[in-house]
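Visitor: Here it is, the structure, as structure tokens.
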């Protein structure tokens with residue numbers, strides 16, 4: 001065999017023509033449109049050794065692959081049909097080689113066209129290319145013609161006329177074309193010759209022809225060799241021996257009504273169908289006229305399997321189903337012979353033509369890109385539109401319209417059928433798939449021919465959608481809130497966050513982590529931890545509400561896919577307050593929970609002794625405190641404001657039993673489990689008010705002093721603003737008078753004259769101009785000059801009232817007076833703060 005791949009020629013067998021006509025296996029490409037329109041044709045001789053290379057697709061389709069991304073590494077996969085892999089295709093480069101020794105006679109019998117057809121696809125499927133490969137198997141002359149019998153007996157009457165024909169056994173040659181049976185030859189002689197004829201199916205046979213009159217008395221028998229030869233290189237032949245006997249003459253021989261008949265037989269005819277009713281006549285009487293019908297001795301065994309002849313009446317019937325697609329016609333040689341001595345048979349030829357009917361359903365073959373299960377195709381949900389699913393081939397061996405097939409796809413609009421060539425279709429995705437919505441599809445391929453009535457075939461297969469990591473984890477909530485009481489034990493369970501991922505396997509396996517952040521200069525990982533497998537969150541420390549009352553952190557859920565997808569959620573941890581901090585007293589100063597407080601012995605009832613400054617680090621009710629006297633106040637001389645925690649006199653202290661009294665005050669919060677702090681106040685009665693601490697509070701808390709300073713500053717700002725306005729007004733007036741000729745007035749001269757006025761010398765305001773003026777019981781005559789004498793006590797108050805007023809002058813608020821030479825004497829500005837006289841200090845500002 002000579003195989004050619006381009007200019008390269010490989011000789012694999014020496015008994016084949018070395019001419020250009022057998023320089024075969026040239027690549028014949030028929031180009032179609034698109035990625036699925038290329039057919040590759042190759043030729044190979046039969047009987048080649050296993051492994052013989054036929055072609056390399058990577059080289060032959062390089063033009064097509066060059067148009068695709070160069071970074072891709074293409075693989076080739078054969079979509080062969082049938083169980084026997086006569087050819088193999090290597091995935092790396094698409095090398096087509098012989099996988100099993102090919103015998104053309106077994107593969108295609110006598111068919112002139114013998115091809116192995118299959119499809120090859122390129123991977124990956126995202127850039128799938130489909131190529132239809134046809135490998136024509138060429139015949140070699142590996143079979144010789146042969147006869148079914150080595151000796152063929154023939155009996156001829158001596159009265160046979162010249163030209164009498166006797167059919168001979170035909171030789172059989174399994175090869176086709178030039179290598180098949182070509183001719184017959186007979187041993188040279190003077191009485192017989194052969195005539196080579198061709199049947200309707202193309203088979204050649206020989207007839208023995210009488211050339212001269214025969215004379216039994218001269219020669220009673222002949223032995224001639226019949227040889228059948230093919231036209232191969234070198235030619236092969238086979239022979240049989242013809243033993244011809246010359247018998248006495250018989251007056252009459254049977255004769256058929258016709259020498260040849262042509263019968264049409266439907267291929268779907270049932271067994272027992274009568275093909276023909278033959279009739280032959282013999283004018284002789286008795287046994288010489290009794291006729292027996294039979295097939296000629298040289299008829300092929302195949303015909304004997306299909307038909308039967310009744311020897312008595314000549315009825316030929318069908319005994320085996322005929323198939324137009326296998327054999328389109330049959331030639332039957334029938335003879336009629338009487339029972340007399342030396343009878344000569346009458347011959348008749350019957351040609352049975354098989355009529356094609358639509359008796360074959362279309363055949364569907366589905367090739368999936370799936371190893372293993374033949375009825376399940378797999379596709380990734382991330383595959384783009386027009387991704388290859390399966391290759392469908394439909395065949396119908398019927399002829400004409402009965403062999404034309406229409407293929408349809410039923411099932412879902414997610415897939416479509418695309419025709420690639422006459423018999424091949426591809427199933428492609430029509431839209432993007434989503435496994436989470438639907439993971440499996442059942443598709444039906446239906447093939448229907450155009451015969452009458454039409455026949456159809458249905459085949460089902462399943463498409464399973466493979467998971468891609470296309471869904472990130474999804475939390476049930478975008479924000480979680482959890483409340484936990486402080487003073488928890490480390491390791492305490494807080495809550496569980498849950499994220500779901502509809503993907504499968506590792507793509508849907510969620511792990512949880514806490515993203516690190518700083519909480520008061522400490523990593524969040526020192527506060528809480530999370531179980532990566534189930535999202536359970538635990539405390540790593542004991543929380544303190546007073547330290548951190550709220551912790552916000554981010555939990556991330558990640559799947560195990562590639563690439564990894566993630567989602568975040570926020571967790572807000574609120575640390576609930578517990579009553580774990582007792583009240584703390586900051587003022588008055590304590591030593592061993594004891595405070596010494598001086599008290600003016602003549603203080604009036606309601607006089608403030610001390611205002612407790614208390615803090616409680618707890619919040620809410622746990623941080624709200626109340627104060628009460630729990631001991632030492634049996635006489636009821638003192639009273640405690642529960643809410644404001646102010647200790648005041650409740651009665652006159654002049655009748656106190658002792659000069660130093662001890663009372664116990666309890667400070668208590670309002671928590672569920674109430675915490676308390678006790679303090680012991682040692683109250684010492686003082687006769688002289690001057691020895692009391694300066695600015696000894698008499699009617700207000702320290703906050704009222706702060707308010708007074710704010711008021712003084714505000715008044716100073718108002719006065720400064722008023723002075724600015726007055727200066728601006730005076731300047732504007734002087735400007736107008738200067739412009740008016742009727743008023744020749746100089747502001748500077750006037751000012752100098754005023755400053756040099758002898759009654760009112762100019763002077764600046766100094767600290768000495770600010771005088772503290774005491775008031776009586778918090779009141780002061782608001783129009784009194786700061787240097788005027790103080791009013792005497794009211795007579796109605798009597799002696800006790802005079803003494804109280806005397807002591808009150810040292811403890812009441814003061815009047816602030818500011819003198820100035822720039823304002824008239826009688827100009828005064830007074831601001832009175834209207835609060836109770838005991839509680840709030842009154843301040844009057846005089847500008848003189």
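Any Cβ shown, glycine's included, is placed from N, Cα and C.
Any TrEMBL annotation is an automated prediction that lacks curation.
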Visitor: If you check TrEMBL, which stretch out of 781-811, 812-842 is marked region 'Disordered'?
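Guide: Residues 781-811 are the ones TrEMBL records as region 'Disordered'.
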Visitor: Labelled transmembrane segment by TrEMBL, one stretch among 681-706, 707-732. Can you tell me which?
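Guide: Going through 681-706, 707-732 one by one, TrEMBL flags 707-732 as transmembrane segment.
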Visitor: What is the average pLDDT across the domain 'Cadherin' (36-147)?
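Guide: A mean pLDDT of 87 is what the model gives the domain 'Cadherin' (36-147).
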Visitor: Can you tell me which recorded stretch out of 36-147, 379-475, 476-585 has the most Cβ pairs within less than 8 Å of the domain 'Cadherin' (257-364)?
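Guide: Looking only at 36-147, 379-475, 476-585, the most contacts with the domain 'Cadherin' (257-364) come from 379-475.
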Visitor: May I have the DSSP-based helix, strand and coil counts for the residues of the domain 'Cadherin' (379-475)?
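Guide: Once the DSSP states are binned, the domain 'Cadherin' (379-475) shows 4 helix, 50 strand, 43 coil.
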